[in-house]
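Working notes, beginning with the structure itself.
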């Protein structure tokens with residue numbers, strides 16, 4: 001039996017070595033990396049608001065109990081809280097005296113009729129908006145700062161080393177999340193995740209764009225990779241809420257750490273991250289790409305589209321606790337329709353956007369995001385959130401699966417075909433949405449309420465949507481067209497049809513028809 005196991009392991013290693021250059025295996029690695037990154041991103045959504053509230057509430061109870069004990073030692077009366085029937089008994093200073101008063105009381109977190117759990121202090125809960133928003137925004141803020149360095153770094157050392165470094169940092173962040181019991185340590189863990197996420201997402205997307213050179217194949221591959229992101233967003237909130245409810249805070253993070261070890265081992269065997277493989281040509285500078293208006297429009301769509309769900313993550317659970325007396329498991333399950341529809345949207349639009357026009361998919365998606373988030377505050381129960389959250393997730397999936405391939409297409413059409421920097425810009429746009437969304441959303445929710453948060457971001461998305469029309473037929477630089485039309489050009493790129501199914505330039509390389 002031991003010989004059979006050894007033989008199977010040997011054959012598996014041999015297969016991995018032979019398939020090292022397989023595009024499908026590289027796609028699977030990027031898929032898993034994005035899956036774990038976004039599971040860690042969203043697993044904290046139902047955990048952190050409730051956990052921080054319980055920490056603050058426990059501090060208040062300790063202070064209250066110490067004050068009451070001091071009053072009891074100096075005064076004539078003492079209160080005793082019965083854990084059996086949740087009543088407060090006021091007892092005289094004479095130990096033999098009978099209880100003089102019996103007052104029903106509800107301890108924090110106890111259940112009300114209908115199996116609902118309402119917080120005792122709504123003012124304290126409202127104050128949690130800013131703390132939770134700042135913590136959620138810290139990851140995206142750090143990632144925003146890191147991205148401009150990761151993009152040019154991939155041009156120098158290749159994609160393998162940064163994506164493996166992202167795994168190592170992500171693993172450390174997950175372990176820190178598991179064993180942190182204070183706001184400061186949780187904040188550090190969330191910020192550290194931003195560095196790892198920057199390495200994984202920028203290097204992963206750049207790697208896919210470099211191995212899938214055909215525009216249609218690239219769009220399909222990126223759609224599958226974004227499916228990993230969607231699956232992480234889908235599984236994260238319900239997984240975190242259920243595990244937190246029945247097992248505790250530590251368990252979900254330890255499971256994610258174990259899965260991260262599997263991804264790291266696969267990267268070691270397939271990608272060989274110790275090898276430095278710089279790009280064969282110098283890519284366009286980051287500043288030049290930032291001056292391209294078409295890249296800025298695509299980045300803006302990614303930013304404002306994802307800002308909607310980013311504003312909902314810290315504020316929706318708190319709003320549900322205030323207005324619906326939601327239980328812990330419901331705080332994560334409320335995001336399930338959005339996550340499921342995002343997965344559906346990225347898969348369907350990833351395959352069809354090339355044919356119907358990516359600019360049109362993005363325009364419709366931005367409009368649908370705006371309408372859906374405006375409808376969210378009209379829900380009166382968790383069931384009323386199903387339809388608007390489903391619309392939010394599907395619409396954001398339309399935007400992401402359309403704009404991510406367009407970023408690579410614009411570089412091919414207007415700049416040098418090196419993708420690290422442009423996907424750093426795409427990730428910066430994504431991070432800006434998740435950095436400003438929670439921080440601004442938390443502050444607005446605290447001052448003027450959750451419904452206004454949704455109305456503001458919804459109107460912004462609807463107003464931005466018409467700008468996607470400019471991506472219908474972006475012009476190519478003349479020198480780029482001359483190079484591509486050269487019969488001696490070795491680029492393996494067939495054709496582009498991003499803007500219209502009837503728009504088909506001449507084939508750029510007839511030999512590429514059989515490229516796989």
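Any Cβ shown, glycine's included, is placed from N, Cα and C.
Note: TrEMBL annotation is automatic and uncurated.
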Out of 137-162, 163-188, 189-214, let me know the one TrEMBL marks transmembrane segment. 163-188
Among ranges 112-131, 272-291, 292-311, whichever one TrEMBL labels transmembrane segment: 292-311
Transmembrane segment per TrEMBL, picked from 81-103, 449-471, is residues 449-471
TrEMBL record, transmembrane segment, of the ranges 52-71, 392-411 the matching one is 392-411
From the ranges 331-350, 491-510, pick the one that TrEMBL records as transmembrane segment. 331-350
Verify whether three or more Cβ pairs under 8 angstroms connect the transmembrane segment (362-386) with the transmembrane segment (221-239), leaving out any pair fewer than 6 apart in sequence. no
Suppose you look only at the domain 'Major facilitator superfamily (MFS) profile' (26-476); what would the mean pLDDT be? 79
Cβ pairs under 8 Å between the transmembrane segment (449-471) and the transmembrane segment (25-48), at least three: no
Chain residues in Cβ proximity to the transmembrane segment (292-311) (below 8 Å; excluding those fewer than six residues from its ends, i.e. six or more beyond): 136, 140, 338, 362, 365-366, 369-370, 373, 392-393, 395-396, 399-400, 403-404, 406-407, 410, 414-415, 422, 425-426, 428-430, 432-434, 436-438, 440-441, 453-454, 457-458, 460-461, 464, 467-468, 470-471, 474
Seg_contact(the transmembrane segment (331-350), the transmembrane segment (25-48)) with at least 3 CB pairs under 8 angstroms, min sep 6: yes
Which sequence-distant residues neighbour the transmembrane segment (163-188)? Criterion: at least 6 residues beyond either end, Cβ under 8 Å. 29-30, 33, 36-37, 40, 44, 48, 52, 55, 131, 134-135, 138, 195-201, 203-204, 207, 249-250, 253-254, 256-257, 260-261, 263-264, 267-268, 271, 273
